[in-house]
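One structure is given below, encoded as structure tokens.
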Amino acid sequence: MIWHVQNENFILDSTRIFMKAFHLLLFDGSLIFPECILIFGLILLLMIDSSSDQKDIPWLYFIPSTSLVMSITALLFRWREEPMISFSGNFQTNNFNEIFQFLILLCSTLCIPLSVEYIECTEMAITEFLLFVLTATLGGMFLCGANDFITIFVAPECFSLCSYLLSGYTKKDVRSNEATMKYLLMGGASSSILVHGFSWLYGSSGGEIELQEIVNGLINTQMYNSPGISIALIFITVGIGFKLSPAPSHQWTPDVYEGVRFVREIPTSLSISEMFGFFKTPWTCRREILSPTPVVAFLSVTSKVAASASATRIFDIPFYFSSNGWHLLLEILAILSMILGNLIAITQTSMKRMLAYSSIGQIGYVIIGIIVGDSNDGYASMITYMLFYISMNLGTFACIVLFGLRTGTDNIRDYAGLYTKDPFLALSLALCLLSLGGLPPLAGFFGKLYLFWCGWQAGLYFLVLIGLLTSVVSIYYYLKIIKLLMTGRNQEITPHVRNYRRSPLRSNNSIELSMIVCVIASTIPGISMNPIIAIAQDSLF
């Protein structure tokens, strides 16, 4: 009898939970329509993979690419709508969150064609790779709109778990396994630290978990200036710092960038660029280390975009009364990142490690925008620079992936004389590097100029001066690589470039298509900055 009553209660409770979930999905589902498109793409990809023994490779690439494009379209149609909070306060939609979601979708859309040839050459499992990329993208999008501590914790964990799996995707390589283990252990530790910081805020606010309700709770409990808030600020800054990878939370970045590699005997002739079944180009893959993988390109931009969106909301809302404290912490992180990242990048011999330390320096510039905040167009300048950084960084990685597939090396010295063999690739890489360094009239120059100007207007004079000096340092090591690219002296040209197969002037493989898009986006937008700045300013909440 007791068991029967308990069973009935369980059924009633389950029914209530199901009906509440159905009610939320029915009335609030339209607010996460872009995310629902990605979920549908994931399910469709799984169904096709499980129902067919013979994999239709063009369809496997077509489904996630179409899902991402449709999700971007849905976001654009929803632009300028009124901000809304849905799912009982767990999720918020506004222009500010949506522009970061757009940036994440843009990264993923460019990274999928970037990975086509690499996956074919290394003969990795295609479906699982695409599933991990889509799921990580979904986690990043939910993180951008997260409005409570539970969602802020679960969404990045979804992203992080897929990142761990992607970084260790080449599981037969020892270096890849070592990098993944470091990434996993440090990620788990940082998540624990982040949750501990959340617990301090939860207790101090009287048991609130929504961001705005935490502020109201701190006012009601008179705890907004208590030592507990300072402790929470330190722990949360450390936890978010791992995702942003500023110094001194950067140790995992160069190891993961360099550790993602693969060594395998590959057939000498492959049909590549079959993402939509259009192009067939003969390709030769060597038994060499093919590096860096598109995984690194994906992780280098999406994690920073998602973490930046989360950091701005967490610091600006719950820590509204502790602005001086988190400003000081972020200023220290920005200075350390800009100095250490750019100085250590000079000494690197691997392109991947150089880009890893360069990205640490770049996040220092982004932090300036977070510190400036909404008052002096700080967020607008951060969004603008993020957009340019995506194109500059992915364009650089596209060039390096292409060179790695053709030569099997990523040593900086092995790029010597590339211009004599492949002027198009050398020129594309040079433009992306110059834009990363911030040379006029490229997009990177105007992005940094706008960011530094907003910082100067906000009174961050020392931070801006450090940024200017470290930008000059970054130009040095970028120009050092460009000088190698353009050299014509035979004694400096390595066998990798001597044996380089000259590509046709008009090649139609997907890596070059992605590379062209990124190179154009790294150069032309610098000429017409006003529309981009206006859109970024319009996105502020």
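From the backbone N, Cα and C atoms, a Cβ is placed for every residue, glycine too.
Annotated features, as they stand in Swiss-Prot:
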- 24-44: transmembrane segment (TRANSMEM)
- 57-77: transmembrane segment (TRANSMEM)
- 99-119: transmembrane segment (TRANSMEM)
- 124-144: transmembrane segment (TRANSMEM)
- 149-169: transmembrane segment (TRANSMEM)
- 183-203: transmembrane segment (TRANSMEM)
- 227-247: transmembrane segment (TRANSMEM)
- 289-309: transmembrane segment (TRANSMEM)
- 354-374: transmembrane segment (TRANSMEM)
- 385-405: transmembrane segment (TRANSMEM)
- 426-446: transmembrane segment (TRANSMEM)
- 449-469: transmembrane segment (TRANSMEM)
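At the 8 Å Cβ cutoff, the transmembrane segment (449-469) and the transmembrane segment (354-374) share at least 3 close pairs (sequence separation 6 or more) and count as touching.
Within the same chain, residues 34-35, 38-39, 41-42, 45-46, 49, 55, 57, 60-61, 63-64, 67-68, 91, 97-98, 100-101, 104-105, 107-108, 111-112, 115, 151-152, 154-160, 162-163, 165-166, 169-170, 262, 298, 302-303, 305-307, 309-310 sit at least 6 positions outside the transmembrane segment (124-144) and bring their C-beta atoms closer than 8 Å to a C-beta of that stretch. Distant neighbours of the transmembrane segment (426-446): 358, 362, 388-389, 391-393, 395-396, 398-400, 403, 415, 418-419, 471, 474-475, 478-479, 481-482, 485-486, 515-516, 518-519, 521-527, 529; these residues of the same chain sit at least 6 beyond its ends, with a Cβ under 8 Å from one of its Cβ atoms.
Here the transmembrane segment (99-119) has Cβ contacts under 8 Å with residues 34, 61, 64-65, 68-69, 71-72, 75-76, 126, 129-130, 133-134, 136-137, 140-141, 144-145, 272-275, 283, 290, 293-295, 297-298, 301-302, 305-306, 308-309, 383, 386-387, 390, 394, 397-398, 401, 405, 509-511, 513-514, 517-518, 535-536, 539 of the same chain, all six or more residues outside its ends. Tertiary proximity for the transmembrane segment (227-247) is limited to same-chain residues at least six positions away from its ends with a CB under 8 Å from its CB atoms, namely 156, 186-187, 190-191, 193-198, 200-201, 203-204, 218, 253, 303-304, 306-308, 310-311, 314, 319, 321-322, 325-326, 329-330, 333-334, 336-337, 339-341, 359-360, 363-364, 366-367. Ranked by Cβ pairs under 8 Å to the transmembrane segment (183-203), the stretches 149-169, 354-374, 385-405 are led by 149-169. Remote same-chain partners of the transmembrane segment (385-405), defined as residues 6 or more beyond its termini with a Cβ less than 8 Å from a stretch Cβ, comprise 103, 106-107, 110-111, 114, 117-118, 121, 283, 285, 290-294, 296-297, 300-301, 304-305, 308, 351-352, 355, 359, 362, 365-366, 369, 415, 418, 425, 428-429, 431-433, 435-436, 443-444, 446-448, 450-451, 511-512, 514-515, 517-519, 521-522, 525-526, 532, 536.
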